[in-house]
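Notes follow the structure.
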Amino acid sequence: MLAGFSPDELATFAEEGLQGIVAITAMFAFAVWYFSIMRDSGLFDPFISRIVSSIIDKPALLTIGTVGLAMVTHLDGAGATTMLITIPAMLPLYDALDIDRKILAALVALTAGTMNMVPWGGQVVRGVAAIDPATISNVFNPMIPAQVAGMLSVFGISAYYGRRIRENLDAVTAFEGVDEESLIDDAVDGREVSVDPKWWFNFALTIAVLGVLIAGITSPEVSFMIGVVIALLVNVPEYEKQKEVLESYAPDVMTYVGILFAAGVLIGVLEESGMITEMANILVYLIPDVLGSQLPLIVAVVSLPARLLFSPDAFYFGVLPVFAETSAAYGHDPVAVVRASLVGQTVGFPVSPFTGATYLLIGLAGVELGEHIKFTLPLMVIPSSIILAVALLLGAIPL
């Protein structure tokens, strides 16, 4: 209003912004519902049980098992779920071996960060919501090989620490007194682990939903909407229990839905009023041509340290749109800037002091924030660099 726009104009700007983020908000909400139903139905339990069991008598596999467990539990894209399952399950084993808890916190952080590149992860959702031409398919699909390479590097880091454990510890007596059944029971939240026909149906349904999403057969929000309906009918057939289930997940859903709607209003006002364009014009004027032509690469490089300076909302809804508009002025696809931001913004979220999951992680692991950042941040450079290298090699991020 100080810039001379009337309340009616601002309302129109806000409506335009909201229209642009409705689809991604729906996708996020139904994705959270879907994976929450799958988790509580025991879809991930056999994998979790197998991972925990496999490392009881093999201390050298402890770190690899930690990454595997964190990877499986982060399929729902929720950092809190990963921390709450992985760390309590693994911490007694690390303590039994007298292993530095910072290693546990770092491995969980590296895994959750790299896995957070999934389409329903918070950073991808924010990036798609912030940049108008961006969609789930044109942001996520080109980055799949880079994400796979990043996860392989995390397994490599875990294998390195596993080898150090094998060299320094007595594998025979290391886990004396550790109750395997109790660990598994805690990891699966007390559910009975079974692979029955319903489990196979849920597994096939999940593969189908993800396959349709990646192939682009229909829009992501429709894929997850249909998936939620089918999952509820099969796993929770009673109507009253269906209501209870959806209501129990509502707090997780509505927190981000509110953030996304607020971001939509902000983006609508910034874009429709011309403010982002003007800020981009200033950047174009200030940035030398040699740097402007490499803006996607610059965004990728600074995205990890930016995690320590900006909250995810401030970065994606305040900083990234300006970079995207500036990049477009130099002839780059704005979507490439979104992909570039994922290189560090996803990997780095579990060390950010602006992210709640970071405090949950260090609280469960019993590690100080400063120690966690000092130990984990240098390790994060490895998967971030590999993700960037593969993305550059395959053209997902242009030079």
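Cβ coordinates are placed from backbone N, Cα and C, and glycine is handled just like the others.
Values in this document were obtained by computation on a predicted structure and should not be read as measured data.
Feature annotations, courtesy of TrEMBL:
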DOMAIN    23-344  domain 'Citrate transporter-like'
TRANSMEM  17-35  transmembrane segment
TRANSMEM  104-122  transmembrane segment
TRANSMEM  142-161  transmembrane segment
TRANSMEM  200-233  transmembrane segment
TRANSMEM  253-270  transmembrane segment
TRANSMEM  282-306  transmembrane segment
TRANSMEM  347-367  transmembrane segment
TRANSMEM  379-397  transmembrane segment
### Query
Out of 142-161, 200-233, 253-270, 347-367, 379-397, which stretch has the largest tally of CB pairs under 8 angstroms to the transmembrane segment (17-35)?
253-270
### Per-region confidence, the domain 'Citrate transporter-like' (23-344) (mean pLDDT, whole number)
81
### Query
Who are the chain neighbours of the transmembrane segment (142-161) in space, where the CB to CB distance is under 8 Å and they lie at least 6 residues beyond its ends?
63-64, 66-67, 71, 103, 107, 110-111, 114-115, 117, 214, 339, 342, 347, 379, 382-384, 386-391, 394-396
